[in-house]
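**Student:** According to Swiss-Prot, the active site annotation covers Arg167, Glu287, on the basis of sequence analysis. The active site, proton donor annotation in Swiss-Prot covers Ser217, and the record cites sequence analysis as its basis. Annotation source Swiss-Prot lists domain 'FAD-binding PCMH-type' at 23-188.
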Amino acid sequence: MITELHGIDIRENEPLKHYTYTKVGGPADFLAFPRNHYELSRIVAYANKENMPWLVLGNASNLIVRDGGIRGFVIMFDKLNAVHLNGYTLEAEAGANLIETTKIAKFHSLTGFEFACGIPGSIGGAVFMNAGAYGGEISHIFLSAKVLTSSGEIKTISARDMAFGYRHSAIQETGDIVISAKFALKPGNYDTISQEMNRLNHLRQLKQPLEFPSCGSVFKRPPGHFAGQLIMEANLKGHRIGGVEVSEKHAGFMINVVDGTAKDYEDLIAYVIETVENHSGVRLEPEVRIIGENL
């Protein structure tokens with residue numbers, strides 16, 4: 001119990017596999033769930049004062065946490081999840097569920113967020129990764145974000161300063177943490193928006209192994225190629241290391257089929273990269289983030 005942070009939901013030596021989409025990950029020294037920006041600032045100020053490392057996990061969807069876990073503070077934004085509308089501008093806190101946020105936009109007949117209707121994760125993670133699917137991405141609708149700097153300062157970043165690229169944003173280099181973001185949507189027709197979201201979700205269910213734990217799309221799309229196609233051509237569908245295998249349904253996904261570990265994921269990723277490069281000459285680059293310590 002950290003007396004200086006009394007009243008904040010903080011759990012010691014908490015296994016992170018209970019919170020990640022992959023269902024792998026060792027313990028966090030301290031796992032914190034701030035309810036508001038004040039509690040978040042208190043956690044960061046305490047960690048900085050005590051020279052303890054801290055990081056934000058978001059919804060831990062496109063992420064692998066190593067089996068040794070994470071030292072210091074891990075902060076999850078599950079309770080920072082408010083969504084507000086001001087005209088055609090939607091503002092969401094970083095912990096807001098991305099899929100649920102697209103449903104709110106649909107309910108108010110606002111178009112622009114349809115592409116994200118099936119992407120797991122949080123608003124903060126989506127901005128960090130410039131998440132996208134089916135021709136759309138966060139940068140297309142992004143206006144600005146409030147971020148928390150490593151020193152504990154809160155500032156606003158514009159779309160220009162975010163310097164979005166393919167699965168990239170400037171905060172991947174700066175280390176700033178999104179605490180909320182604003183998006184510019186447009187008036188639309190509820191039925192049209194609903195039909196498009198149903199179509200995209202149907203495609204996702206047909207093509208992606210949603211019935212298994214996974215980290216989503218493992219690799220970035222190499223120029224002129226599709227990662228899943230290259231992996232399939234290298235005869236890697238169904239290849240398994242430990243409890244993790246390349247999905248038979250979509251080779252761009254790796255699924256935790258039975259008691260997989262983070263090491264299984266890392267070993268399989270390395271094997272796929274090497275095998276695909278030997279087969280096609282194309283070196284795949286992981287899209288998934290891998291963090292934490294090995295056992």
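Residue positions begin at 1 at the first shown residue.
Here the Cβ of each residue, glycine as well, is placed from N, Cα and C on the backbone.
Not measured: the values here are computed from a predicted model.
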**Student:** Sort out the sequence-distant neighbours of the residue listed as 'active site, proton donor' for me: same chain, 6+ apart, CB within less than 8 Å of its CB, listed by position.
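**Tutor:** Those within reach of the residue listed as 'active site, proton donor', by Cβ under 8 Å and sequence separation of 6 or more, are Asn62, Ala227, Gly252, Phe253, Glu287, Val288.
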**Student:** Please report the number of other Cβ atoms within 10 Å of the Cβ of Glu287 (active site).
**Tutor:** 18
**Student:** For Arg167 (active site), what is the tally of other C-beta atoms lying within 10 angstroms of its C-beta?
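**Tutor:** Around Arg167 (active site), other Cβ atoms within 10 Å: 18.
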**Student:** What kind of secondary structure is Glu287 (active site) part of, going by DSSP in three states?
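**Tutor:** For Glu287 (active site) - judged by DSSP and reduced to three states - the answer is coil.
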**Student:** Sort Arg167 (active site) into helix, strand or coil using the DSSP assignment.
**Tutor:** coil
